[in-house]
Amino acid sequence: MAEQVALSRTQVCGILREELFQGDAFHQSDTHIFIIMGASGDLAKKKIYPTIWWLFRDGLLPENTFIVGYARSRLTVADIRKQSEPFFKATPEEKLKLEDFFARNSYVAGQYDDAASYQRLNSHMNALHLGSQANRLFYLALPPTVYEAVTKNIHESCMSQIGWNRIIVEKPFGRDLQSSDRLSNHISSLFREDQIYRIDHYLGKEMVQNLMVLRFANRIFGPIWNRDNIACVILTFKEPFGTEGRGGYFDEFGIIRDVMQNHLLQMLCLVAMEKPASTNSDDVRDEKVKVLKCISEVQANNVVLGQYVGNPDGEGEATKGYLDDPTVPRGSTTATFAAVVLYVENERWDGVPFILRCGKALNERKAEVRLQFHDVAGDIFHQQCKRNELVIRVQPNEAVYTKMMTKKPGMFFNPEESELDLTYGNRYKNVKLPDAYERLILDVFCGSQMHFVRSDELREAWRIFTPLLHQIELEKPKPIPYIYGSRGPTEADELMKRVGFQYEGTYKWVNPHKL
């Protein structure tokens with residue numbers, strides 16, 4: 001194996017930036033203003049401010065970039081610094097750079113539905129160096145209930161008249177098809193589609209982005225990536241912790257809206273889509289939309305819903321169930337686990353079940369895509385062979401591995417399960433991978449929308465799940481209880497077995513490399 005040359009974080013992201021621009025220069029001479037709407041909130045202090053700091057520290061932001069925080073709270077830059085700096089992971093050697101970063105920060109207090117507040121924000125931005133000509137990037141780190149008022153006021157009072165204007169919208173993008181359509185229609189009446197960046201941070205993860213390269217840059221996968229060879233596809237998202245005092249927010253949306261309708265469905269698209277004409281943003285998103293249009297609405301008999309209960313043998317939080325969270329409404333029937341089977345009704349995937357599983361308080365932290373292949377025809381090993389699987393492990397410990405049969409070492413001629421393994425932490429141990437938010441925010445500065453959700457994608461995603469969500473809200477079925485720290489309801493395993501997935505339980509991938 002060739003030795004990897006150590007690359008700094010700046011070099012890695014710089015290469016990415018060069019790829020995004022396809023050789024064009026990154027316009028360091030332009031003035032940019034990055035406006036964080038909702039600057040006093042958790043998302044801002046834990047994710048957005050740290051991400052902007054990392055990009056600034058590594059020289060990846062345009063040279064003349066200013067950061068403006070906006071929220072209702074009467075704060076100062078010192079307050080913002082106190083809240084967010086613990087998440088920066090800054091070293092003592094970066095002290096001067098940190099001072100330079102906060103010197104570029106400012107803060108404006110104002111209401112979200114008050115025109116005068118936005119006029120004051122605009123005056124503040126115009127007063128910055130070349131601020132009236134600056135490119136403006138608005139990050140809506142806000143609850144969706146204020147999106148309409150905020151976007152309307154931004155459009156009326158805060159748009160740059162010379163530079164470009166871009167807006168980043170955080171999920172949830174509505175609660176169902178109808179509310180999503182209303183929000184999309186409102187935002188699209190104010191901004192062009194090329195100005196709107198609907199962010200799903202999973203699309204910024206290394207292994208999710210690797211799906212396209214894995215599929216379309218390797219000849220070996222093309223002939224087998226179809227219904228003739230693949231028996232089923234399993235997309236999994238597991239968290240080993242519960243709501244831990246944040247159940248009030250979660251209860252409003254539930255696990256399907258929180259994870260399945262966005263993260264897992266986006267990964268499904270990348271697995272199932274046809275080869276795009278190019279890596280141009282719209283070429284890629286066109287193919288994703290085609291996949292979604294081939295998926296029918298979820299059928300109730302292909303759904304299992306669960307809710308975690310305390311583990312009597314556990315410790316600490318593990319002893320508490322979802323309903324023990326004081327922020328959760330008493331008697332809530334909101335699901336913390338869901339397993340859903342979808343079918344892509346086209347020539348490539350006809351009859352192949354796509355199984356989406358996600359949940360809280362499960363036995364491990366894991367997100368992965370697993371393709372299970374059909375049994376080998378003409379078995380000569382007396383049913384000792386297990387199905388081959390290709391696994392793309394998104395988190396933790398990014399990896400691609402193929403589960404396959406090899407001869408068991410020794411005197412006997414017996415097959416046993418093993419794997420061909422590419423663990424990123426070992427093969428690329430000197431490469432510093434950018435955080436998902438770093439990659440995506442850099443994409444917005446560069447104007448690349450490939451890893452953002454287009455309005456027609458969003459509409460099709462909600463079309464698939466809205467009837468099920470409405471049925472759940474109307475009938476309020478009681479979710480199946482499962483123990484904190486388990487694999488989830490056994491009924492989910494039974495559903496997967498019914499549609500064709502074979503779970504042997506005899507093999508578990510173990511990271512073979514000390515990271």
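A Cβ is built for glycine as well, from the same backbone N, Cα and C atoms used for every other residue.
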Residue from K171, K290, K293, K320 that Swiss-Prot also lists as binding D-glucose 6-phosphate with H201, Y202, L203, G204, K205, E239, D258, K360, R365, Q395: K171
For the set S8, S117, S157, say which residue Swiss-Prot annotates with phosphoserine. S8
Record feature N6-acetyllysine (Swiss-Prot), assigned residue among K366, K497: K497
DSSP secondary structure for K171 (NADP(+) 1 binding site), reduced to helix/strand/coil, please. coil
If you measure from the Cα of R72 (NADP(+) 1 binding site), which of the binding-site residues Y202, R370, K403 is the nearest? Y202
Any idea of the Cα spread of the D-glucose 6-phosphate site, K171, H201, Y202, L203, G204, K205, E239, D258, K360, R365, Q395, as a max distance in Å? 22
Binding-site residues (K360, R370, K403, R487), the one with most neighbouring Cβ atoms at 10 Å: K360
Rank the binding-site residues Y202, Y401 by the number of other Cβ atoms within 10 Å of each Cβ, and give the residue at the low end. Y401
Cα nearest Y401 (NADP(+) 2 binding site) among binding-site residues (G38, D42, E239, K360) -> E239
Including all protein chains shown, what's the count of other C-beta atoms within 10 A of the C-beta of D42 (NADP(+) 1 binding site)? 11
If you measure every Cα to Cα pair among G38, A39, S40, G41, D42, L43, A44, K45, R72, Y147, K171, the residues listed for NADP(+) 1, what is the largest value in Å? 21
